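Straight from TrEMBL, the features:
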type	residues	note
ACT_SITE	S881	active site
ACT_SITE	K924	active site
BINDING	G467, P468, P469, G470, V471, G472, K473, T474	ATP binding site
COMPBIAS	747-757	compositional bias 'Basic and acidic residues'
DOMAIN	101-312	domain 'Lon N-terminal'
DOMAIN	791-975	domain 'Lon proteolytic'
REGION	738-757	region 'Disordered'
Amino acid sequence: MLKALKSTSVQARLLGFTTPFQSNLRYGSSQINSPLLRVVNSNRVVNPNLNKRAYFCTDSSDGSTIVMESKGVEEGAAEADSKSSSAMVPTVFKPEDYLTVIALPLPHRPLFPGFYMPIYVKDPKLLAALVESRKRHAPYAGAFLVKDEPGTEASVTSGSDAEKSIYELKGKELLNRLHEVGTLAQITSIQGDQVVLIGHRRLRITEMVSEDPLTVKIDHLKDKPYNKDDDVIKATSFEVISTLRDVLKTSSLWRDHVQTYTQHIGDFNYPRLADFGAAISGANKSQCQEVLEELDVYKRLKLTLELVKKEMEISKIQESIAKAIEEKISGEQRRYLLNEQLKAIKKELGLEADDKTALSAKFRERLEPNKEKCPPHVLQVIEEELTKLQLLEASSSEFNVTRNYLDWLTALPWGNYSDENFDVIRAQKILDEDHYGLSDVKERILEFIAVGKLRGSSQGKIICLSGPPGVGKTSIGRSIARALNRKFYRFSVGGLSDVAEIKGHRRTYIGAMPGKMVQCLKSVGTANPLVLIDEIDKLGRGHAGDPASAMLELLDPEQNANFLDHYLDVPIDLSKVLFVCTANVVEMIPNPLLDRMEIISIAGYITDEKTHIARDYLEKATREACGINPKQVEVTDAALLALIENYCREAGVRNLQKHIEKIYRKIALKLVRQGATYDPPSAAKLESGTDGTTVCVDAQAEVESTDDSSVKKVQEVVSTAEEAEVVDVVLSDEKEKISADQVSDSVNHDETKMEPEVEETKPIEKVLVDDSNLSDFVGKPVFHAERIYENTPVGVVMGLAWTSMGGSTLYIETTHVEQGEGKGALQLTGQLGDVMKESAQIAHTVSRAILAAKEPENSYFSNTKLHLHVPAGATPKDGPSAGCTMITSLLSLAMNKPVRKDIAMTGEVTLTGRILPIGGVKEKTIAARRSQVKTLIFPAANKRDFDELASNVKEGLEAHFVEEYNQIFELAFENKEEEQ
């Protein structure tokens, strides 16, 4: 019996009833009298020991049964139980006798009648029930496809997850997940948890009998009657067969499995053909289930035809993809072979050298112009690398490294310097053209040029321009390069955290590159450019080292003559390079790096300077950028002054430029809207001819489209200026004639198109921007007057502060909280830093000493709890320069005397009352002018800083320079008494 089973299995395998999508599928026998069955029966092997026959698989349409006849049924059954579980179990039952079966869930695809399918049963109870049914000679079960879980897609859910969820289902829950229509399956073998099923006929679940294992009652389904001679069914079946054969021709996956079946495909009846096509297709399980549930043979054939047609399309796409890839690969291979042959032919003919020789020639040719200027040690390295290049294989990685290294070495401008211009007058003119004010910066640049002119050559310097944002530090660097006639190169080091960006990578790294300076020299082509290093105070520090320390060699005049880049590994002379650095806060630059620079401070611009810059530079550039005619707009001086005072108080002019651009954008929109309300003008204008005559030209398209005679009449030459009045009359008459002619022509050609009548256009009104309507263009004022008090009350004094955006005034306010014996204390608010808090404690101590000296009987500080506040409270404040202001505020409250309203002061105070110098004199002076302060008090050590300020900054200010606080006391209080 085992041999018979194996023989039949081999025959089925030869028939090719397998598919790449459904592993181990086999088709059963055909009708009793079919040639295919005769082939199967002729090859069947009978075991002489058992002496019995076996007919395999019923026909799902005719209901015939599998009958296993034997001389000794009992002995065969006993022997089958004792042998391997793969043996066929003999039975005399008919499939239609089974009205109650065990339900087997199929996770992936339905089982079609006539095919067999291996499944894995993980449920031990279900597996035991199947084994028991085989022992009872009832080896039948119902195979039903499992529905997809609600809310999920079958294509998204993985197979293992689906099987796991199926195994967990029991009873009614499992029944609800099963499709009603399934297949009556014969259990052919059970090996471990693998059960092999053969499908026989369709069936439908009617009700549940038991839950564990799930047993259901079934109804056997039969195909609906159909006419075998129906032409439509025949045509559909022939199309299915034809499509299957086409798929076999194109798809190698199907060809290996079904090639034996093609000669017998005509022996099958229509229902089996439909099942066969659906079973071996790669359709999803829902489509296969739809075929299984269809009892109408014609509709089933149509569904199967759709599936095999889809397989045909997939095969065509697969073939086109394979063909495209093959063509691409073959094309590239052919091109490569032809290129290699071309190289070989050219080399044989002497027309072209090989790659290495050509590269060497290119490098030598590039080095030739600067060979005499090139340092000897660099020439030696280049020759060594060229020799090394000839010895390396072109396919090796070392070859590419050497080639790139030689590329950089020969591309640098060794000893190639640009001719500098040392004309001081020209440089002064260029600097004045680009920038207004900044006399100290310009003076320093002119000094550098003068020294270069006397020496005949210029040495590289390191200049650091420090100042608030928007004061023009970067643009000054460009102007210096233009004045000196040097090449300009800029790179920003803000946030730079990799040392390799400055010193380069080692050549051993993949993708190694030289540092920024080597890239700069290659880019500009000269060895003496002007290099602008932007934002040097914002250098970062990361895991790749400290770039600030790596900049030391680059910016040291004593070391950069032999600057060593890690990639080039040969010294480079950077002593002729002029370095210009920019920084906002000098204190952020590390001291060793700061020591190598020459600091030029740009404090910012006062209101007068901003007005000139806005009028002469910003407004002109913005007007041209917006395409506005100067005659169409007027921005008054009052508007510019209000814009600077109320919107753009910062030290720089970048925000001022933004506001001016905003004004002109709104003006442009207003002008366009004005012009859009009228028809475009006739554009007739008078132009001067070459001979001094006046020519009338009409630029309108209507005039251009007229005939030549009309144009000639319009373009009459007026030889004298006295006839200019007649021109207007002639023009108006000719325009009327031309318009009439054009209207008549357009009516003749196209009645729907009419030329518009020429109307008199009103001139566009000039846009005036003054302080009254400035808010319409830029919105509400951002800043208000910094002077909070018109007359300063008792305990309030104005101080001067420095910020990164410039200077500002700062009020110190003091008031008493409570009084009582021994309640003297000081409370501080206003987001003060540690240094400023210490200054307040010092001021409290010094003010108590001064009050004791001035008014010994006054015990105000001893018995009063004071509160000192520095507005605005949301702004962090720190620094020692508010010490004298705090003392004055405390004394004003203690003596109940207000301070002069036009006075402001700054200076650090010691416990002995000495006034120490401070910084930011220019910024603080500008802030005082903005607040209409007339009297300033500075430390005596800052007198020189104040004297160096421009006269327009100091104009109208009375400055006092003090060494001890007693001098401030006299200025703040005694003068007040004299005024009273």
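Cβ atoms here come from the backbone N, Cα and C positions, even for glycine.
Small disclaimer: the values here were computed from a predicted structure and weren't measured.
Fewest Cβ neighbours within 10 Å among the binding-site residues P468, P469: that distinction goes to P469. Every protein chain shown contributes to the tally, and the Cβ of K473 (ATP binding site) ends up with 25 other Cβ atoms within 10 Å.
On its own chain, V471 (ATP binding site) has I602, A603, G604, Y605, A651, G652, V653 as residues at least 6 apart in sequence with a Cβ closer than 8 Å to its own Cβ.
Listed in sequence order, H435, L438, I602, G652, V653 are the same-chain residues six or more apart from G472 (ATP binding site) with CB atoms under 8 A from its CB. P468 (ATP binding site) and S881 (active site) have their C-alpha atoms 20 Å apart, to the nearest angstrom. Between the candidate binding-site residues, G467, G470, the densest Cβ environment within 10 Å is the one around G467.
Taking each Cβ in turn and tallying the other Cβ atoms within 10 Å, the top scorer among the recorded positions T474, S881, K924 is K924.
Listed in sequence order, the residues L465, T582, N584, I602, G604, A651, G652, R654 complete the 8 Å Cβ shell around the ATP site centroid, once G467, P468, P469, G470, V471, G472, K473, T474 themselves are left out. Geometry remark: K473 (ATP binding site) versus K924 (active site), CA distance 20 Å. Comparing P469 (ATP binding site) with K924 (active site), their Cα atoms are 17 Å apart once rounded. Confidence annotation: the domain 'Lon N-terminal' (101-312) carries a mean pLDDT of 75 in the model. Rounded to a whole number, the C-alpha distance linking T474 (ATP binding site) with K924 (active site) is 24 angstrom.
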